[in-house]
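Shown below is the structure under consideration.
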């Protein structure tokens, strides 16, 4: 299947922007992210003729690999995790721009070695001094890596040098502020691309178009018509091989502070003055500044955690979180988190936003659901079917699309109603598959477009919102007090209470 960017019917309709020749250096190049996501996305852009022929990719990691071995590993990744190599001629052309440099993240000599190597490649490949440095490494390597890049003078050009930082950006408000200070000590904000791959998903990007390009919806997008909003990111997988990271992170750090808060911002923000990076990010910061936990004095009314226990997934038994390899048998790390947020502004005053995420849930699904208020007078009370409130749901994954639920009369002589859905699907409407999120984000970074990347103050405001719950959950607690939910179910009973006490209920997806 072709992707949106290679749709043959679009050829010649408009000129696609192509980045300037540059060198993309990936730190942590021997890791899964590089092989599974980054290089396959770059190769797909090459297939779509979106990249200059001079584009050069340099892998940087501790392993003592040769250029050829790095190329072999990246080819395996493209064949296994993407659409395949396609033309051998195209692959050979692409491989000529793949290089490898071994070194340590905290070793100054490694950076001088890298700097000299990039200088040689710059002359050989004619990349004109343009550099992108991608930190696809463990978060504890962010500060030393950024400092060493600065000390080596590789971030000194505010126009030609950029740095991409993967999530998580800090583990709390204090560490995020500290990391921002490190970044700001060596480069300017316009050089920094804090990446959240959820912002590269088509449905997420379409949310602003849906809201601000259609007169029918935005007038209803407020407290007058909206009863509440639910944002769900559910995963079927367990902790898998990430126990070392997950034990120190948990669901709130891993998913809520970044992915769910970004979805929240795009749902709740006011219209920007223009579709550019600063205008959009200004509005996201404004709505975060107006956001608070529903009950700061009684956190049980604002946040619920949980942890999966042994259960069944796809007809097979799976272990509980505490039984996973590498996990403390008495761990109180949450694998489920639910928050109730309130926004103190004219648009949303009194409208609750319910956020939830968890591992080992029945389905892998991400959705934003806006539930509208019930009609003021139910004139069809004599009808056997009880009228349901209208719900607008935006499906981020799987099957990207939008659905509107409403009431309709059933065929026949009697007045009977039924709840029906009006659906929009990307696949069926455009006849193309949505491009991978990293595809769009990498291209935007190469083009110097920061619209889909988070700004320093935005990151800090998101941490501020969740900090009270985070502090409470980080405090030592009795393992027996941790709410549990069976693998293959939606959430612990306590999370049901969080929304049921308001006369509402979680959507069953």
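Every residue gets a Cβ built from N, Cα and C, even glycine.
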Going by Swiss-Prot, 197, 201, 235, 359, 364 bind substrate; tell me which of 172, 254, 344 is listed for that site too.
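Looking at 172, 254, 344, the one Swiss-Prot places in the substrate site next to 197, 201, 235, 359, 364 is 254.
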Considering only the recorded positions 197, 201, 235, 259, 364, which residue has the minimal Cα-Cα separation from residue 62 (NADP(+) binding site)?
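Ranked by Cα distance from residue 62 (NADP(+) binding site), first place goes to 197.
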Just the number: how many Å between the Cα atoms of residue 235 (substrate binding site) and residue 259 (active site, proton acceptor)?
13
Helix, strand or coil at residue 197 (substrate binding site), per DSSP?
helix
Under a three-state reduction of DSSP output, how is residue 62 (NADP(+) binding site) classified: helix, strand, or coil?
coil
I'm trying to understand the geometry here, so how far is the Cα atom of residue 201 (substrate binding site) from the Cα atom of residue 259 (active site, proton acceptor), in Å to the nearest whole number?
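Taking the Cα atoms only, residue 201 (substrate binding site) lies 11 Å from residue 259 (active site, proton acceptor).
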